[in-house]
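Features of the protein shown, as given by Swiss-Prot:
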- 1-357: region 'Catalytic' (REGION)
- Lys70: N6-(pyridoxal phosphate)lysine (MOD_RES)
- Asn97, Gly203, Gly204, Gly205, Gly206, Leu207, Ser329: pyridoxal 5'-phosphate binding site (BINDING)
- 353-427: domain 'ACT-like' (DOMAIN)
- 358-436: region 'Regulatory' (REGION)
Amino acid sequence: MSETYVSEKSPGVMASGAELIRAADIQTAQARISSVIAPTPLQYCPRLSEETGAEIYLKREDLQDVRSYKIRGALNSGAQLTQEQRDAGIVAASAGNHAQGVAYVCKSLGVQGRIYVPVQTPKQKRDRIMVHGGEFVSLVVTGNNFDEASAAAHEDAERTGATLIEPFDARNTVIGQGTVAAEILSQLTSMGKSADHVMVPVGGGGLLAGVVSYMADMAPRTAIVGIEPAGAASMQAALHNGGPITLETVDPFVDGAAVKRVGDLNYTIVEKNQGRVHMMSATEGAVCTEMLDLYQNEGIIAEPAGALSIAGLKEMSFAPGSVVVCIISGGNNDVLRYAEIAERSLVHRGLKHYFLVNFPQKPGQLRHFLEDILGPDDDITLFEYLKRNNRETGTALVGIHLSEASGLDSLLERMEESAIDSRRLEPGTPEYEYLT
């Protein structure tokens, strides 16, 4: 892993998980929230089943009223507030989905709430928060990431006496998220099947901890696979370190899972179940590719975190006929992001490349580039050039979309043989990051 860590192991980590969550706790929560939210579908996916050789089922949490599983933990927490706590109000921090769940709870209970979200939260999610909360919710946009927004929410709760509903590191929240697993097992049982693997997206770890807790009691032979964004793999960092630590930086693209530090309780639950939990990472480019595939093939609008389970699926091999459940955790994606999503996917698949090309300042050079260097099915998607009459050459920024990823080597060979000087911009360089 390339992240730099700041060691912050909490001395109370193990103590916080001393009273681990049992299946009975989750079943009680399921009964508590079942009058408000209906079970989400568990759908067989022919395309992914054919690609993997396994039986792939999608748990459609993107079809919740708030388009995310987060309503489960928020509702389980809010339903247990005393009248005194309701009168004092609710505070929450979220990258967007938990906020919508809390907003839904505030409106349904008639409780005032203040919700803190980081500045990179998509406008679509901000708007949906207000739709669900209406006049019962005020939105506070602050901080460059979830952790900074969370710090502001904690300060608010301490100052005002409002109840803070945690997005992932609280017992009632984790128990609520665990009802996803209870539904999965019930739905599979009704089909006469049992799960061999459950693929779980991971940010702060609340969903993973809830699923692991339920499966440990009710389906101990089921393997749980947690998938984190490669740019925010905080659970893997915690397991490697022996306790939760804070990543110095995270890539905010997978906004629903861009968490610098996993929850202490969630870490404890996962650590105690390492024999049945496997952790892995998915690159942001792989996530984008799966988002597009889900939309184009199944008509599913998944947010980046919602596609993590599918991105992880593609990196694994399964015994033929294995039953694998992928949790599509959310569908709150801003349509304005799809241009960036498509770009990242093309780069990930090796179809999009950028070059700095030094054209001699004389007629016919661009025609030469197009005819002799570019492949017959390749396309120029970006061309920025400013002619300078007082120079022998002029530099152009050129983006090329290849018809096949395998065509890169021959393109580079033609560039090498050409009299026109060119340089490929490598991923990870400042120029490249600026473009993508």
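Backbone N, Cα and C atoms are what each Cβ position is placed from, and that goes for glycine too.
What Swiss-Prot annotates, mapped onto the structure for a quick look.
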{"residue": "Lys70", "record": "N6-(pyridoxal phosphate)lysine", "Cβ neighbours (10 Å)": "32"}
{"residue": "Asn97", "record": "pyridoxal 5'-phosphate binding site", "Cβ neighbours (10 Å)": "32"}
{"residue": "Gly203", "record": "pyridoxal 5'-phosphate binding site", "Cβ neighbours (10 Å)": "31"}
{"residue": "Gly204", "record": "pyridoxal 5'-phosphate binding site", "Cβ neighbours (10 Å)": "29"}
{"residue": "Gly205", "record": "pyridoxal 5'-phosphate binding site", "Cβ neighbours (10 Å)": "32"}
{"residue": "Gly206", "record": "pyridoxal 5'-phosphate binding site", "Cβ neighbours (10 Å)": "31"}
{"residue": "Leu207", "record": "pyridoxal 5'-phosphate binding site", "Cβ neighbours (10 Å)": "31"}
{"residue": "Ser329", "record": "pyridoxal 5'-phosphate binding site", "Cβ neighbours (10 Å)": "31"}
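Ser329 (pyridoxal 5'-phosphate binding site) sits 8 Å from Lys70 (N6-(pyridoxal phosphate)lysine), taking the CA atoms of both as reference points. Leu207 (pyridoxal 5'-phosphate binding site) sits 9 Å from the residue listed as 'N6-(pyridoxal phosphate)lysine', taking the C-alpha atoms as the reference points. Asn97 (pyridoxal 5'-phosphate binding site) and the residue listed as 'N6-(pyridoxal phosphate)lysine' have their C-alpha atoms 6 Å apart, to the nearest angstrom. Along the region 'Catalytic' (1-357), the predicted structure has mean pLDDT 92.
Spatially, by CA atoms, the binding-site residues Gly203, Gly204, Gly205, Gly206 include one closest to the residue listed as 'N6-(pyridoxal phosphate)lysine', and that is Gly206. In terms of DSSP secondary structure, the region 'Regulatory' (358-436) contains 28 helix, 23 strand, 28 coil.
Taking the centroid of the Cβ atoms of Asn97, Gly203, Gly204, Gly205, Gly206, Leu207, Ser329 as the pyridoxal 5'-phosphate site, the other same-chain residues with Cβ within 8 Å of it are Tyr69, Lys70, Pro167, Phe168, Gln177, Pro201, Val202, Leu208, Gly256, Ala257, Val259, Ala305. Across the residues the record lists as binding pyridoxal 5'-phosphate (Asn97, Gly203, Gly204, Gly205, Gly206, Leu207, Ser329), the two Cα atoms farthest apart are 14 Å from each other.
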